[in-house]
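The following features are taken from TrEMBL:
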{"type": "REGION", "residues": "503-552", "note": "region 'Disordered'"}
{"type": "TRANSMEM", "residues": "12-31", "note": "transmembrane segment"}
{"type": "TRANSMEM", "residues": "51-71", "note": "transmembrane segment"}
{"type": "TRANSMEM", "residues": "91-112", "note": "transmembrane segment"}
{"type": "TRANSMEM", "residues": "147-165", "note": "transmembrane segment"}
{"type": "TRANSMEM", "residues": "195-218", "note": "transmembrane segment"}
{"type": "TRANSMEM", "residues": "230-252", "note": "transmembrane segment"}
{"type": "TRANSMEM", "residues": "264-286", "note": "transmembrane segment"}
{"type": "TRANSMEM", "residues": "320-337", "note": "transmembrane segment"}
{"type": "TRANSMEM", "residues": "349-367", "note": "transmembrane segment"}
{"type": "TRANSMEM", "residues": "404-427", "note": "transmembrane segment"}
{"type": "TRANSMEM", "residues": "448-469", "note": "transmembrane segment"}
{"type": "TRANSMEM", "residues": "475-496", "note": "transmembrane segment"}
Amino acid sequence: MQNVEGERSQIGTVFWVSAAVALAFILWGAIAPTSFGAVTQGIFDWVVSNLGWFYLLAGNFFLIFVVLLALSRYGKFRIGKEGERPEFSTFAWFAMLFQAGMGPALLFWGVAEPLSHYNAPPFGLAQPGSTEAAQVAMQYSYFHWTLHPWAMYAVVGLAVGYFSFRRDEPGLISPVFRPLLGDRVDGPVGKTIDVLSVLAVLFGVAVSLGSAGLQLTAGLGQTFGTPTGIAVQLLVIGLTTIAFMISASTAIEKGINWLSQISMYVAAVLLLFFLVMGPTALQLGALTQGVGDYFGGLVPMSLTIQSFDQDNAWLGSWTVFYWSWWIAWCPYVGLFIARISRGRTIRQFVIGTVLGPSVVTFVWIAVFGGSALNLAQTQGGGIAERVTADPAAGMFIFLNQFPLALPMSILTLLVLWIFFVAGADAGTVVLGSMSTGGPKEPKRWIKLAWGLAMAAIAGILLVAGGLSALQSASVLFGVPFAFIMVAMCVAIYTHLRAEARETAGRERGDSDLTVPRRTGAPPAGSQAFTAEKPPPGIGRQANPGDGPREGR
């Protein structure tokens, strides 16, 4: 496919089934929001009670899998053809994957989570409001935001990118399973996988968009004293939707790339400001001790489920919610980072998508979370209680404790809005591509249709129950996709091992190829991400042959 918008988009079974299910949920939520909220909450409670153990084990498995893969002989295999170089510069690549993965969510919880754990430590590990509670708060905040979620994203991104760019498969989830299922991935089984993936993306991004409505509204209220009710939240979602739909009408190179880099620069300004204006020594100390506590307690944190305690409310509200949310986001973030990661080796990919964002997150939480905990310990004023009661306003309650609160709050609102616009824009690209056979640039009207569906679901979830409904909805399609991801790891390893044997066989002159390949013509409308030379643009390498840019 050439770089032409909408070329070879195919509207077929995956699109219509996904659209029908999405429409059914939208109508249900619009007609009976109370019933919708009750059912999603019931599903969430069941998952916490019965599948919490699976989420914890799966998260650990994904992290171990990608680390071992990067360190193994397969780490030198390239996501693309041999000799290809990265399409985007390292900064542009990192900016886009970070904003897609968790940029706005980290602004939401970077202050709120440490203060919430400080006010109510997990599993009664410390006395609320104590020094020990502050240490536990940093430790668990790091646990929820660093290695595990990015390892989940890396599994999907690596699988889709590798099969698409190296094996010329369509840029979808289902072809990853060809080593296990053969050509059945082109039939009903593969379409079922793709439909579940589309719905996971739809609800995952809708939850993020709903969070945008909550946090931007709370920020406006804290900064300018505007109302914060549901009507204003829906208005904010509507305006954000208009913005990301305008951005979605452009190519990735113009829209998401540009917005992502701006948001990273503005976020860096915020970070440096509070590093200088805040208790710098304490922040750096919190970083050092927090990272040490995190790695020292990584195994017990990642396996603690309180199996003999019938009340797993804390686990459900935090770890299981996060793991289900990250998994629901995996097809969205995974396909997007696959799209922008062509030309990198598996080892570079894992370092860039797991280690790089984790380092930034360690620093971010140390600066903002550490400063917030210091305020709670030294100044009182009930900041921990206020943030725990209204986590959406947490960042802005925190900002009001510093000089230049007004300009910093405005800057935070700006970067939040850009993060949400860029993330939702990426969501429309992924949804459009996944539902129409995997084109690089889906038809504009398809992206806009999915954008409207995301906005509708976000609004319905807010009406149905606010933050609680958003959390509950995140598990609806995250549960089946978690099982898909486990099978995906098996498929990746099976294929890499077969390719290694094939390569060794060619070197020995053996023509017996062992890598499973598609037989016959590809299914109608399906296609791999393209191999064409990228046009010049912000953060792009104009010519893949213009010198070594690998790993920059």
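In case you wondered, yes, glycine gets a Cβ from its N, Cα and C as well.
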(message) Given a Cβ distance threshold of under 8 angstroms, which distant residues of the chain, six or more beyond its ends, lie next to the transmembrane segment (195-218)?
(response) 14, 17-18, 21-22, 104-105, 107-108, 172-173, 226, 228, 232-234, 236-237, 240-241, 325, 327-332, 335, 390, 392-393, 395-396, 413, 416-417, 420, 423-424, 427, 430-431, 434-435, 450, 453-455, 457-459, 461-462, 466-467, 470-471, 473-474, 476-478, 480-481, 484
(message) Cβ pairs under 8 Å only, please: of the recorded stretches 230-252, 349-367, 404-427, 475-496, which one is richest in them relative to the transmembrane segment (51-71)?
(response) 475-496
(message) Applying the under-8 angstroms CB criterion, which one of 12-31, 264-286, 320-337, 404-427 scores highest with the transmembrane segment (349-367)?
(response) 264-286
(request) Examine the transmembrane segment (448-469) against the transmembrane segment (91-112) and state whether at least 3 Cβ pairs sit under 8 A, considering only residue pairs 6 or more apart. (result) no
(request) Take a look at 91-112, 230-252, 264-286, 320-337 and tell me which one has the most Cβ pairs under 8 Å to the transmembrane segment (475-496). (result) 320-337
(message) Let me check one thing: do the transmembrane segment (147-165) and the transmembrane segment (320-337) come into contact, meaning three or more Cβ pairs under 8 Å with sequence separation of at least 6?
(response) yes
(message) If we skip the immediate neighbours and take only residues 6+ beyond the ends of the transmembrane segment (12-31), which ones have a Cβ under 8 Å from one of its Cβ atoms?
(response) 191, 194-195, 198-199, 202, 434-437, 446, 449, 453, 456-457, 460-461, 463-464, 524-525
(message) With Cβ-Cβ distances below 8 Å as the criterion, list the same-chain residues six or more beyond the ends of the transmembrane segment (91-112) that contact it, or say none.
(response) 141, 145, 149-150, 153, 208, 211-212, 215, 256-257, 259-261, 263-264, 267, 329, 332-333, 336-337, 340-341, 352-353, 356-357, 360-361, 364-365, 368-369, 372, 387-388, 391-392, 394-395, 397-398, 412, 415-416, 419-420, 422-423, 426, 538-540
(request) State the non-local partners of the transmembrane segment (320-337) in its own chain: residues 6+ outside its ends, Cβ under 8 Å from one of its Cβ atoms. (result) 44, 47-48, 52, 55-56, 58-59, 96-97, 100-101, 144, 148-149, 152-157, 159-161, 171, 173, 197-198, 200-201, 203-205, 207-208, 312, 353, 426-427, 429-431, 433-434, 471, 474-479, 481-482, 485
(request) State the residues, same chain only, that lie 6 or more residues beyond the ends of the transmembrane segment (230-252) and have a CB under 8 A from a CB inside it; answer 'none' if no residue qualifies. (result) 3, 5, 209-210, 212-214, 216-217, 220, 259, 339-340, 417, 420-422, 424-425, 428-429, 441, 444, 447-448, 451-452, 454-455, 458-459, 462-463
